[in-house]
Amino acid sequence: MKHLVAPSILSADFANLQRDIEMLNKSDADWIHVDIMDGVFVPNISFGFPVVKAVKQHALKPLDVHLMIVDPDRYLNEFKEAGANNISVHFEACIHLHRTIQKIKELGCRAGVAINPHTPIAQLSDIVEDIDLVCMMSVNPGFGGQKFIESTYRRIRELRLLAQDRNPNLLIEIDGGVNHQNSLSLLQAGANVLVAGNTVFGADDQMASIKQLKDVSITRKAV
Ligand SMILES: O=C(CO)[C@H](O)[C@H](O)COP(=O)(O)O
């Protein structure tokens with residue numbers, strides 16, 4: 001399968017959000033990545049339901065919602081109603097992760113688990129067959145524009161190996177510090193979804209930057 005590109009609107013111009021969503025509609029982007037931060041799970045607050053609903057009104061592409069919030073079960077219905085197509089919850093924020101994943105699926109969304117850079121990949125061993133995607137953090141969550149953490153390559157390979165028997169179609173999404181220098185290596189390691197904030201919205205030609213991420217082509221290495 002051709003990899004997917006999901007620009008993160010955390011780096012968009014919030015004063016011109018409709019313009020930026022319309023740019024994404026016309027671009028080669030596959031999903032629109034939407035970061036929700038509560039100021040508790042991460043040291044930053046982004047935006048909530050009214051903004052997600054407003055984005056949904058203009059978006060022609062699926063909303064890939066990444067919940068960086070504690071106890072996300074409280075808000076799954078609301079995010080579905082606001083327009084989420086994919087919902088990822090943090091491994092570190094869920095006490096009953098299996099139940100949370102079942103709930104996301106019952107809502108008709110793709111179910112994802114996001115994992116912090118310090119959390120061992122092996123912790124996903126007993127949930128990997130129940131999920132559609134892993135949002136692998138390649139920075140510490142909370143802010144756009146951070147430096148990519150190099151151990152991510154090893155972690156992608158480890159996750160691909162873990163998933164190969166139990167969920168070979170698992171989507172491995174890399175979130176944080178993705179750019180035109182590391183995109184090929186990430187795909188070669190086994191990722192198949194690239195999230196990019198600053199690389200897209202910080203570019204002079206944003207649509208060209210998305211196209212460049214989308215056009216990376218690989219011969220996949222055996223894991
Ligand atoms: O989840 C996130 C931060 O917690 C963002 O999606 C991520 O940082 C993307 O921004 P950039 O590509 O600029 O690093």
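For all residues, glycine too, the Cβ spot is worked out from N, Cα and C.
Going by what TrEMBL states, the divalent metal cation site holds His33, Asp35, Asp175, and the candidate of His66, His90, His118 recorded there is His66. The separation of Ser8 (substrate binding site) from His66 (divalent metal cation binding site), Cα to Cα, is 10 Å. His33 (divalent metal cation binding site) and Gly177 (substrate binding site) are 14 Å apart (CA-CA, integer value). When the Cα atoms are compared, Ser8 (substrate binding site) and Asp35 (divalent metal cation binding site) turn out to be 7 Å apart. Gly144 (substrate binding site) has a Cβ environment of 21 other Cβ atoms inside 10 Å.
A simple way to gauge crowding: the CB of Ser8 (substrate binding site) has 24 other CB atoms within 10 angstroms, across all the protein chains here.
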